[in-house]
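Taking it in order: structure first as structure tokens, then the write-up.
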Amino acid sequence: MRTLLVFLLLAIFVAVLIGNVQVEAACKEYWECGAFLFCIEGICVPMIG
């Protein structure tokens with residue numbers, strides 16, 4: 001049970017790291033940003049609200 005919890009936390013941490021890289025990455029088209037991100041003025045922006 002504890003191993004599963006650690007794995008879950010690690011997966012979330014990695015997802016956040018990847019998300020931060022995507023947000024900082026320059027983009028030309030909206031699909032380059034991945035899920036739940038928009039391309040605004042060449043920057044991947046998280047979709048909030």
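Cβ atoms are placed via backbone N, Cα and C, with glycine included.
For 1-21, the entry in Swiss-Prot reads signal peptide.
Under the DSSP three-state reduction, Cys27 (disulfide bond) is assigned to coil, being neither helix nor strand. Other C-beta atoms found within 10 angstroms of the C-beta of Cys27 (disulfide bond) number 20, with every protein chain shown included. Under the heading disulfide bond, Swiss-Prot lists Cys27-Cys39 (among others), citing experimental evidence as support.
Feature annotation from Swiss-Prot assigns disulfide bond to Cys33-Cys44 (among others); the stated evidence is experimental evidence. DSSP assigns Cys44 (disulfide bond) to a strand.
For Ile48 (isoleucine amide), no same-chain residue lying six or more positions away in sequence has a CB closer than 8 A to its CB. The isoleucine amide annotation in Swiss-Prot covers Ile48 and is backed by experimental evidence.
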Disulfide-bonded residues compared (Cys33, Cys39, Cys44) - the one with the fewest other Cβ atoms within 10 Å: Cys39
Three-state secondary structure, Cys33 (disulfide bond) (per DSSP): helix
